[in-house]
């Protein structure tokens, strides 16, 4: 298992639409494990494969306080959504930036687990928001796409500056 590099905006690879996983096998399970390692190392609560330059429909999530409730979503499909909510969202691909994003309050999804077994899940609260956020990544959408062009540009400039400062500090 290893920590993968997380892509940051404005990297256009974040806009690539992910392909369905054809077969859940040892390679896919290794990707899932690496994604969890990466998500935990980056202190995130969710990660889509697109964010680590793997363009397959794979999501890992853990919104628990103890970081011990792993959720794997392979080829997730949104079946139902209802209500309205939203929070100030952040994203590992848009470091240190947050913005309010409107979301459905409840979702029902179908997906495959780490072993390739199909399941359905009804979620609300932070889990529902996280599922929607990560599913957006699979179609090349970022939370900043919900913002005005001016706010989106301001965030992009801040992230680019932050990345330049980190690169300079690294030598």
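Cβ atoms here come from the backbone N, Cα and C positions, even for glycine.
Swiss-Prot has this to say about the protein:
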- 134: active site (ACT_SITE)
- 91, 133, 137: Fe cation binding site (BINDING)
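Note: the Fe cation site is recorded as 91, 133, 137; in the same chain, 46, 48, 51, 89, 92, 93, 134, 136, 142, 143 also have Cβ atoms within 8 Å of that site's Cβ centroid.
Note: the CA-CA distance between the residue listed as 'active site' and residue 91 (Fe cation binding site) rounds to 9 Å. In three-state terms derived from DSSP, residue 91 (Fe cation binding site) belongs to an extended strand segment. For residue 91 (Fe cation binding site), other Cβ atoms within 10 Å of its Cβ number 28. Cβ contacts within 10 Å of residue 137 (Fe cation binding site), excluding its own Cβ and spanning all protein chains shown: 25.
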